[in-house]
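Sharing a structure, written as structure tokens. Questions coming.
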Amino acid sequence: MNYNEVAKILAESLPYIQKYRGKTIVVKYGGSAMLDEQLKKYVINDLVLMKCVGINLVVVHGGGPFISSYLKKLNKESVFIDGLRYTDEETMDVVQMVLSGKVNKDLVKLIQSYGGKALGLCGIDGAMIKAEKISKGVDLGKVGEITDINTEIIISSIDNGYIPVISSIALGDDNETYNINADTCTFKIAAALKAQNLILLTDVPGVMRDMDDNSTLISELRLKDIKALYEDNIIKGGMLPKINCCVEAIKSGVKSAHIIDGRVPHCLLVELFSKEGIGTMIY
């Protein structure tokens, strides 16, 4: 081990730790980092360390592959329309069971195994996330759009030393349960908390001018420059909704949004605590 190199890395991280200490950061946990056991350990380690240095951390997760896997066991086909899962009554039962009962609790357990304190929540708890059925366009069943975020439970959890781990399920005024897109849920929570940062873990390095060439990664992106990337067809496909979430979050008061590659070991620490970072920062 090169002790000088280790000391140098730790020393260089100091101004970033000071910058984020006491600030709120909301992380969307998903992609390969949620499926690969080794990557999962890297991310959980990062989350616990971030909490230990004084960051007010909130984790939001989906779990699409786990839902699809369970539906397959029930011989029920997963149907997607414009990237959103068609959610009938039976599918909603599975979504709630898998996200809140399995994925959420596994994450809480893992965080605690690394020495962190975590509290598993879903939007139904304390009517934290309110939603209504998406009424425009094609009928998606019990897929909702968020109408309100009650931050009281989230803030109370943070103040008591916990990492709130939130599954993207919401409660309607009609007392129905709604499936919420996890990216959208993350940015809505970040906006409601007026978070310092929103971080989306993905399976791509970030926003790139050429998706086949990692050297074309755009490391910093101003809000005013995004329109040109839309027009040049650089932002397209699966990146579109993620960028839209980042833009809306910043317009709502979040200081910066980051799209990073969850397949990179310790991606969160490298993005936040180094000068170069590893992904795209939008501000």
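Here the Cβ of each residue, glycine as well, is placed from N, Cα and C on the backbone.
Here Swiss-Prot flags Lys28, Lys242 as site 'Transition state stabilizer', drawing on sequence analysis. Annotation source Swiss-Prot lists substrate binding site at Gly63, Gly64, Arg85, Asn179.
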Cβ within 8 angstroms of the Cβ centroid of Gly63, Gly64, Arg85, Asn179: which residues besides those meet this for the substrate site?
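Filtered neighbour residues, in order: Gly62, Ile67, Ser68, Thr87, Val95, Leu99, Ser168, Ala182.
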Would you mind reading off the Cα separation of Lys242 (site 'Transition state stabilizer') from Gly64 (substrate binding site), to the nearest angstrom?
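Here the two Cα atoms are 16 Å apart.
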Work out how many Å separate Gly64 (substrate binding site) and Lys28 (site 'Transition state stabilizer') at their Cα atoms, rounded off.
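Here the two Cα atoms are 13 Å apart.
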May I ask which residues of the same chain, at least 6 positions away in sequence, place their Cβ under 8 angstroms from the Cβ of Asn179 (substrate binding site)?
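Sequence-distant Cβ neighbours: Arg85, Thr87, Thr91, Met92, Val95, Lys142, Val143, Gly144, Ser168, Ile169.
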Who sits close to Gly63 (substrate binding site): which same-chain residues at least 6 apart have their Cβ under 8 Å from its Cβ?
Gly30, Met34, Val98, Leu99, Lys102, Val103, Ser167, Ala182
So how many other Cβ atoms are close to Arg85 (substrate binding site), meaning within 10 Å of its Cβ?
22
Suppose we draw a 10 Å sphere around the Cβ of Lys242 (site 'Transition state stabilizer'). How many other Cβ atoms does it contain, all chains included?
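Other Cβ atoms found within 10 Å: 23.
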What is the total of other Cβ atoms whose distance to the Cβ of Lys28 (site 'Transition state stabilizer') is within 10 Å?
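Excluding its own Cβ, the number within 10 Å is 28.
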How many other Cβ atoms are found within 10 Å of the Cβ atom of Gly64 (substrate binding site), counting all protein chains shown?
18
For Gly63 (substrate binding site), just give me the three-state DSSP call.
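Where Gly63 (substrate binding site) sits, the three-state DSSP reduction gives coil.
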Specify the secondary structure state of Lys242 (site 'Transition state stabilizer') as given by DSSP, simplified to three classes.
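Note: Lys242 (site 'Transition state stabilizer') is helical by DSSP.
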Reduced to three states, what secondary structure does DSSP give Lys28 (site 'Transition state stabilizer')?
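Assignment for Lys28 (site 'Transition state stabilizer') reads strand.
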